[in-house]
Amino acid sequence: MTMFASLTSKMLSVSTSDHASVVSLNLFVALLCACIVIGHLLEENRWMNESITALLIGLGTGVVILLISRGKNSHLLVFSEDLFFIYLLPPIIFNAGFQVKKKQFFRNFVTIMAFGAIGTVVSCTIISLGAIQFFKKLDIGTFDLGDFLAIGAIFAATDSVCTLQVLNQDETPLLYSLVFGEGVVNDATSVVLFNAIQSFDLTHLNHEAAFQFLGNFFYLFLLSTGLGVATGLISAYVIKKLYFGRHSTDREVALMMLMAYLSYMLAELFALSGILTVFFCGIVMSHYTWHNVTESSRITTKHAFATLSFLAETFIFLYVGMDALDIEKWRFVSDSPGTSVAVSSILMGLVMLGRAAFVFPLSFLSNLAKKHQSEKISIKQQVVIWWAGLMRGAVSMALAYNKFTRSGHTELRGNAIMITSTITVCLFSTMVFGMLTKPLIRYLMPHQKATTSTTSMLSDDSTPKSIHIPLLDGEQLDSFELPGSHQDVPRPNSLRGFLMRPTRTVHYYWRQFDDAFMRPVFGGRGFVPFVPGSPTERSSHDLSKP
């Protein structure tokens, strides 16, 4: 009888727990719907955008739950870095690579890598040195060198979503490409830096250890990129050879989604950078795999990946907003609010300083290497790039939770101060800087119609957005050139030609290699699956008529 009563009580507790989870999920889905509807209604608002809308709805919901629970709880779900890195981040980064306008991205690849990789290291260094200088005077806890370096990596991670939602990539292709590309590379670099700092022995620092650290850093970068490219090529080869669309387009779509996610999980399995891997997997898939599937599969995958990315971004901002009022973490700093405000202010100042320390110098160096005025970064564009990287978001939150909590909970005062300061910086930068983004960009970058050649180069109504343009310039390079450039791409037959036109030289040899070796094996642009009853068959039949 006692055993039966014990079993019954356990079943009731499980049932109650399941019911609470169902209620939480239902409310969260309803909040997501509200974010989409309200964000759409406020789309033309001067100050608001979808990210800020989701954040405010999350904060408001947290306040309501806090009042209902009488100060005991403020969120439906506890922020988990595992949930963020495993389920929410992959679709966002993959879609970024899948939809990227590759011509602009690779045209500015060196500048993007300089901003995203070198700039992140510079920003991390300045934030770490500033934290060492100021935090020891505030007596917030005992932090070692590894902790300070981790703080630098945490706050070097930017979140440029608010700026990208305002910029128009057809009107300002150069600026959009730089902000977008830097954001992806910055996230990857920050995570790689953070993981390297966590796993590296910092007790014995010398020149050999420093070179080993740099070697590991570049090793992760190159291997992660290679894994993403390899996974994308495998998916292209399999779909090209097996003609899944002959039997079912569902299999094509399913395989593309699973291969994309597999690339990220393989990177995590081998302790590489999943962000870089899935990003380059997306680029390769859009260049080869996407062209190997049927027309219906192309439309489906384009919208499916974009929808998953949009939902994940909205979920993250809603999630962060609700978790910002977590009572457990704020209780530790309730006795010294001045210290918490001081830490947050110092971090925000260091973020702004670290950002300026590389954006303007690297832009100056980039302009020295550019020949045409249209390719140079103007001072107004530099200000927008600097501003776009001031906001901090879910990556910083996830890294902070990983470093300063255990299973989402913290027991040390210093760790609690760092968590609450991270939340404060993320909320302040996203809401204040995010609300000022639209007016700032409208002031600095008045709406100007792109030139005819640029617009035609970057968009095509007959094909899905951003996927029309082939990798590293395709066959259309000759007919779509920026004003002031040569109409065709001559064969670079000398070292002087490479030094004078390095970008075009790389494009030329890439096109030769792609056409001769890659496309015959992996398909891509020009490969059209012949599926009975499909639009492909009908168009082919129409073309065959006299």
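Glycine is no exception: its Cβ is also placed from the backbone N, Cα and C atoms.
Here is what Swiss-Prot records for this protein:
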CARBOHYD  Asn292  N-linked glycosylation site
INTRAMEM  76-96  intramembrane segment
INTRAMEM  149-168  intramembrane segment
INTRAMEM  174-194  intramembrane segment
TOPO_DOM  1-21  topological domain 'Cytoplasmic'
TOPO_DOM  43-47  topological domain 'Vacuolar'
TOPO_DOM  69-75  topological domain 'Cytoplasmic'
TOPO_DOM  97-111  topological domain 'Cytoplasmic'
TOPO_DOM  133-148  topological domain 'Vacuolar'
TOPO_DOM  195-218  topological domain 'Vacuolar'
TOPO_DOM  240-264  topological domain 'Cytoplasmic'
TOPO_DOM  286-304  topological domain 'Vacuolar'
TOPO_DOM  326-344  topological domain 'Cytoplasmic'
TOPO_DOM  366-381  topological domain 'Vacuolar'
TOPO_DOM  403-415  topological domain 'Cytoplasmic'
TOPO_DOM  437-546  topological domain 'Vacuolar'
TRANSMEM  22-42  transmembrane segment
TRANSMEM  48-68  transmembrane segment
TRANSMEM  112-132  transmembrane segment
TRANSMEM  219-239  transmembrane segment
TRANSMEM  265-285  transmembrane segment
TRANSMEM  305-325  transmembrane segment
TRANSMEM  345-365  transmembrane segment
TRANSMEM  382-402  transmembrane segment
TRANSMEM  416-436  transmembrane segment
For the transmembrane segment (416-436): best-contacting stretch of 48-68, 112-132, 265-285, 305-325, 345-365, by Cβ pairs under 8 Å: 48-68
Average model confidence [pLDDT] within the topological domain 'Vacuolar' (286-304): 91
Range from 22-42, 48-68, 265-285, 345-365 with most C-beta pairs under 8 A to the transmembrane segment (112-132): 345-365
Dominant neighbour of the transmembrane segment (219-239) in 22-42, 265-285, 305-325, 345-365, by Cβ pairs under 8 Å: 265-285
Summary of DSSP states over the topological domain 'Vacuolar' (195-218), given as helix, strand and coil counts: 17 helix, 0 strand, 7 coil
Tertiary contacts of the transmembrane segment (48-68) (same chain, 6+ residues out, Cβ under 8 Å): 27, 31, 34-35, 38-39, 42, 74-76, 161-162, 165-166, 313-314, 317-325, 327, 427, 430-431, 434-435, 437-438
Surrounding residues of the intramembrane segment (76-96) on its own chain - C-beta under 8 Å, 6+ positions past either end: 24, 27-28, 61, 65, 180, 184, 187, 260-261, 264-265, 268, 274-275, 278-279, 281-282, 305-306, 308-309, 312-313, 315-316, 319-320, 322-323, 326, 394-395, 397-399, 401-402, 408
Helix-strand-coil residue split for the topological domain 'Vacuolar' (43-47), DSSP-based: 0 helix, 0 strand, 5 coil
